[in-house]
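Trainee: Got a structure for you, written out below as structure tokens; questions coming shortly.
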Amino acid sequence: MRLKIGFILRSLLVVGSFLGLVVLWSSLTPRPDDPSPLSRMREDRDVNDPMPNRGGNGLAPGEDRFKPVVPWPHVEGVEVDLESIRRINKAKNEQEHHAGGDSQKDIMQRQYLTFKPQTFTYHDPVLRPGILGNFEPKEPEPPGVVGGPGEKAKPLVLGPEFKQAIQASIKEFGFNMVASDMISLDRSVNDLRQEECKYWHYDENLLTSSVVIVFHNEGWSTLMRTVHSVIKRTPRKYLAEIVLIDDFSNKEHLKEKLDEYIKLWNGLVKVFRNERREGLIQARSIGAQKAKLGQVLIYLDAHCEVAVNWYAPLVAPISKDRTICTVPLIDVINGNTYEIIPQGGGDEDGYARGAWDWSMLWKRVPLTPQEKRLRKTKTEPYRSPAMAGGLFAIEREFFFELGLYDPGLQIWGGENFEISYKIWQCGGKLLFVPCSRVGHIYRLEGWQGNPPPIYVGSSPTLKNYVRVVEVWWDEYKDYFYASRPESQALPYGDISELKKFREDHNCKSFKWFMEEIAYDITSHYPLPPKNVDWGEIRGFETAYCIDSMGKTNGGFVELGPCHRMGGNQLFRINEANQLMQYDQCLTKGADGSKVMITHCNLNEFKEWQYFKNLHRFTHIPSGKCLDRSEVLHQVFISNCDSSKTTQKWEMNNIHSV
């Protein structure tokens, strides 16, 4: 009986355990109408979600996770998505709040979708008068050669026995390479900074930099002196690399000799060679792709010398705010003697802002009182509407977020304006830095130049200008076409990607830019009136045209064979009765007869009237007519005589191609 009872109890225990397991399994099995554990987790989280109408990934329904809205080509391992520029800015589709305005969260969302946020911590520089700055050299800079030529940037003047060799070097390279080759590559330079610059103290947590130098058939000593000066005057901990981009040079000294020479620096200096001539603009974009070690890209022309303590003032603003682009004050290295002097113009301190006229020629205008009021000291960085383009510093990733240079810009010209407008209108800042000085050699007259490759075609610079104004100037582009009417029918390629970039990045209008940043441009270069007519001024039924011969500011115009290429033979007459070429006007000379060309503003030299049907230009103040001597090739005014064929002219439109 005991056996039977024990057996029964054990059987009941087994059955009960089995039934318990069945019940437990049943409770754990999901039913079709049961919410999943993950959905319950989302519900619990959404209770505290400040944006409850957003999806489970924290973004609005249908919104992808953040990806940089930047055109980065995939080159040498640099990850960039060209299609991302087409991505619609999702912030625009956010629900409007009942208050009617954007919340701070919406604003932050838009900014984040446009550019990456600042993550680097950097403290503002501190001015301590009388206490030498922490980046200032404690001892005077040693010379390259004691007592050597050109030390301290003193002029080196060679005798007449070198004249022929100097002229040949200027023709080939644009500089007096005879003198340059006599000067040490490590020469000492003069200090042109304001005294106050010596007492700035900078946070040592500066970003590192890659210095990018593009060259094409550059002279040896001017190129290498650029490199030497950077290495000599840049703290080594911040100099990640120097990247040389050889834009298809064919000079022997820029091949194996260069490769061997840079081995002196054990990999600090690198050279990359383009397989075809790309031009300065696109070669700089290539340089950005090749330079991978530095956090900041510093661009220098291939004939520069950086000055004492140039680095910290230039990079400090970028270390504080990654959307700031900085430009050093550019001094002039004389291409004959290699003396370094401050650039002319500007205000009483030599400070100028970058500007342009409506023909898109580069200009410098004095620093305005408004900009001076924004600074506590005269050596702080100040805002500039534009840069000259050859020398500047920009955070590497920010430059890629901006899309580098417009890939449709060719060789040289206009890229300085394009990057300046893009920075300002899309949320960045462009600052000139008084305490960072860099000397630059300007090409001398007599240089044969570097003609663009055949594949580029004609008028690359003018095409560049047209692309820039079509993308960035909005309604202001009409003023460019008034100044450069020959460009109205010029094909400039596809700019849809660039327009989309503006839209996706919420870039501001050019009107905003002109009113808030470039507010002083029109006071120096007023908006031009509409044209009455434009083109070559040809002697009626002749092959001779009025030609400025490249003269400006008081030179006399002449007659020359018509070439239908515009340039020095392209004029326009506007509704203000000015007969102009670029920013120059025609007027009578001091002798009261010969016609000269000189700089003018809108209130000057309103002297001409063109009677198209009569083929006549009348000089309004004198009542005389425009005349010519086809023997002496002179242009002058004389008493009007309808029977004189030399007073008959025709103005024929010229279109650039």
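A Cβ is built for glycine as well, from the same backbone N, Cα and C atoms used for every other residue.
Grabbed the feature section from Swiss-Prot, which reads as follows:
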- 30-657: topological domain 'Lumenal' (TOPO_DOM)
- C197-C435: disulfide bond (DISULFID)
- D301, H303, H440: Mn(2+) binding site (BINDING)
- 381-443: region 'Catalytic subdomain B' (REGION)
- C426-C507: disulfide bond (DISULFID)
- 532-652: domain 'Ricin B-type lectin' (DOMAIN)
- C545-C562: disulfide bond (DISULFID)
- C585-C600: disulfide bond (DISULFID)
- C625-C640: disulfide bond (DISULFID)
Trainee: Using all protein chains shown, find which of the disulfide-bonded residues C585, C600, C640 scores highest when you count other CB atoms within 10 A of its CB.
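Mentor: When each Cβ's neighbours within 10 Å are tallied, C585 tops the list.
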Trainee: Pick out which of the disulfide-bonded residues C197, C426, C435, C507, C625 has the most other Cβ atoms within 10 Å of its own Cβ.
Mentor: C435
Trainee: Quick check: which same-chain residues outside D301, H303, H440 lie with their CB within 8 A of the centre of the Mn(2+) site CB atoms?
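Mentor: My list of surrounding residues reads T222, T226, L300, A302, C304, I333, G390, L391, G439, I441, Y442.
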Trainee: By DSSP assignment, list the helix, strand and coil residue numbers for the region 'Catalytic subdomain B' (381-443), in that order.
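Mentor: Each residue of the region 'Catalytic subdomain B' (381-443) counted once, the result is 17 helix, 20 strand, 26 coil.
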Trainee: Fewest neighbouring Cβ atoms within 10 Å: which of the binding-site residues H303, H440?
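Mentor: Among the binding-site residues H303, H440, the lowest count of other Cβ atoms within 10 Å belongs to H440.
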Trainee: Have a look at the disulfide-bonded residues (C545, C562) and report the one with the fewest Cβ neighbours inside 10 Å.
Mentor: C562
Trainee: If you run through the domain 'Ricin B-type lectin' (532-652) with DSSP, how many residues end up as helix, strand and coil?
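Mentor: Counting residues per DSSP class in the domain 'Ricin B-type lectin' (532-652), I get 6 helix, 59 strand, 56 coil.
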Trainee: Within 10 Å of the Cβ of D301 (Mn(2+) binding site), how many other Cβ atoms can you find? Include all protein chains, please.
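Mentor: Step by step: centre on the Cβ of D301 (Mn(2+) binding site), count other Cβ atoms within 10 Å, giving 22.
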Trainee: Going by Cα-Cα distance, pick out whichever of the recorded positions C197, D301, C562, C640 is nearest to C426 (disulfide bond).
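Mentor: That would be D301, the closest of C197, D301, C562, C640 to C426 (disulfide bond).
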